[in-house]
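Take a look at the structure below.
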């Protein structure tokens, strides 16, 4: 048997504690799979006194994770500190610089510095592995990087944030507002006290940027992601989606277009019959469209200590087995530069919910402005206001009422221009709601 | 760059031709991913004259695949001949004996000789890779073997045969009989002229046996799978399933029990809300229940030349990258012997459709026999016969009518005993239909 693989675990929060326990619990299976013993020899955390329910006897303690990364008693650093800068970045850089393998769950770090870190890992001849950084326990990094090399990928999209999917699932099922569901998610520990990072789509954007690089062989480019969160989605939109045969999910979508790779995060209408529409609650899912396999979907837990630790331990096992492959599937020098595509150029179907004054000629006025921009309407849903008959024998109240349009494929630039014209015509009582449609 | 990896492709049917084309089409991406050129240097097939639309110039032709396997110009043999014996087995054995890596799509060979071949591969220090043998283009072998090493798996189940899922999907949607849908599947090329191997569950059993070994670390044991096909499923069963909130799928299920690993293939009721219930047509899906990740589901194409070639090329890429790990996730000497569990000991919920004479006391008689075997009934569906009122003012016709029971968890032995007693009581007009329920 080869010498054992010595792990230094930097960060002992929920995931770190799960990793330490899992490595011990699965010791026999892991050594059978790799032909080597895997053991934790060093840990680092801010607070040494906290009781984590872990047996840390015989394990060296470091107050400073960078010192752990430089230790001669560690072969592989498991970075679970988090954050795109500060100690996490310093720890990973120190580990790579001293020729140690790195396994990390840090999506922010990878999204912002992935290409540079991959280059450093290659120079050192070590692994930089990050299965846990995207979609928690789902082995989606491995599936794309190692499971589809014979394929050209045309699109990858997914539900990558459990908090948002939990909120949207409850809004849909119970007809509640975003605010009410967010409060519950916070009470249950699914959402942070400051939920901005999750609900405004930035967490999804980080994960998407990593998937994009893996799927398309481009330099990871988090800044190139167009981001819109779920805080403006209203219960009425979910009801309308239901009537029209859709569900609303916060998707991250990366798509090959003639102009480059489009990367976008936004609330999205998906057909109710699609696999991804079935994914409710905190569960994550990723679908890959590729030329040889067609459509491949992976569904599983996107977060949680044990599920995330499962992905970390999978990476550690690959390292122990001697698997050192380029982090993003090909040498960093051969990654293509990201070609950003402006959202204005996005082409797709749209759900547009206008709040119009309930009076004659409004629908015609809207339709005319759409036609001027060559936008074809697939369906229109108009609801009379509830007190219509009381006010007007012809059923028109003059009150604000929703007018919902589903368009065929159109460019975002044309859609925005049409909406601006409709607003300038004075037809709108509120600013319009616009949700993109993603078809299978 | 390391020297190139030279492939010998044995078998040039649909999959083989796709592999040859894919290796050429993706040459740049594959060499970027692995640091090596991958090229096909030899092929073998029965018929040299057939036009496959392939450019085979510069590629050596072998009439005998065993000779190809012994060639000094080949580093890795891709076996796409098929069948558990004969030339396929001889080719794989010859390749391993001469120290060549083997990539195969041959589920029958793996299911019957997997452990011995894995041992031979280990002895030679080469890879034996078989992603394409289970669920076509879905990277499920990789996901289980390399994506979940930190997990203890409790159950793995899936839709592993596209032919059966196509037939059941059409029976459900269109209310057609098994026979009518089979005929259409044959006309469309989804089913063979002799469909027994697919529709009676044997193909699913082979794939399940491979998944079982990977998931539980046991010696692959195809003979230990209890097998029942879909030919006895009737349109009425699909209608009843729909009313009760289920769909019927042919599942392969491997489950850890106190007595050992249960391996079974049978038509199965799955809750309509489950991810696997959404899988329609020729698509495949696999769900793994494991202690750390909870539930993980992979959905994708189960067959087809390009999708299967995608899995073959993924294995070839691993070989080129130097990945040589034990075929079933751990050295063959450490695989545990399979402990077969008799189907009589299976415990679960059951759908039982009886055809009873429509007369007083029948339901009571059935319920009494069930209670004697301590079987609890979750729900009963009784349909009066359509001409009931005509024959009998009390609504009973004496005609055969369906009586459907859904049970809580019970052992198969008790269920069978109760049904035997009900039959002996003379209550049944036809032999009973029994479909097992699989809950999430």
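We count from 1, first residue shown onward.
Glycine is no exception: its Cβ is also placed from the backbone N, Cα and C atoms.
The NADP(+) binding site feature in TrEMBL is assigned to B:10, B:11, B:12, B:13, B:14, B:15, B:16, B:17. In the structure as shown, the Cβ atom of residue B:11 (NADP(+) binding site) sits within 10 Å of 25 other Cβ atoms.
Taken from TrEMBL, the feature NADPH binding site applies to B:107. Within the same chain, residues at least six positions away from residue B:107 (NADPH binding site) with a Cβ under 8 Å of its Cβ are B:130, B:133, B:134, B:203, B:206, B:207, B:210.
Residues or ranges marked as L-homoserine binding site by TrEMBL: B:192. Listed in sequence order, B:186, B:198 are the same-chain residues six or more apart from residue B:192 (L-homoserine binding site) with CB atoms under 8 A from its CB.
What TrEMBL lists as active site, proton donor is B:207. Secondary structure at residue B:207 (active site, proton donor), as computed by DSSP, is helix.
The domain 'ACT' annotation in TrEMBL covers B:351-440.
Counting residues per DSSP class in helix, strand and coil order gives 28 helix, 29 strand, 33 coil for the domain 'ACT' (B:351-440).
With a threshold of 8 Å between Cβ atoms, none of the binding-site residues B:10, B:11, B:12, B:14, B:192 neighbour chain A. When secondary structure is read from DSSP and collapsed to three states, residue B:10 (NADP(+) binding site) falls in the strand class. Annotated NADP(+) site B:10, B:11, B:12, B:13, B:14, B:15, B:16, B:17; additional same-chain residues within 8 Å of its Cβ mean position, judged by their own Cβ, are B:9, B:18, B:19, B:45, B:80. Within the model, the domain 'ACT' (B:351-440) carries an average pLDDT of 87.
With a 10 A radius on its CB, residue B:16 (NADP(+) binding site) counts 27 other CB atoms from all the protein chains.
Under DSSP, residue B:107 (NADPH binding site) is assigned to a helix (H, G or I) in the three-state scheme.
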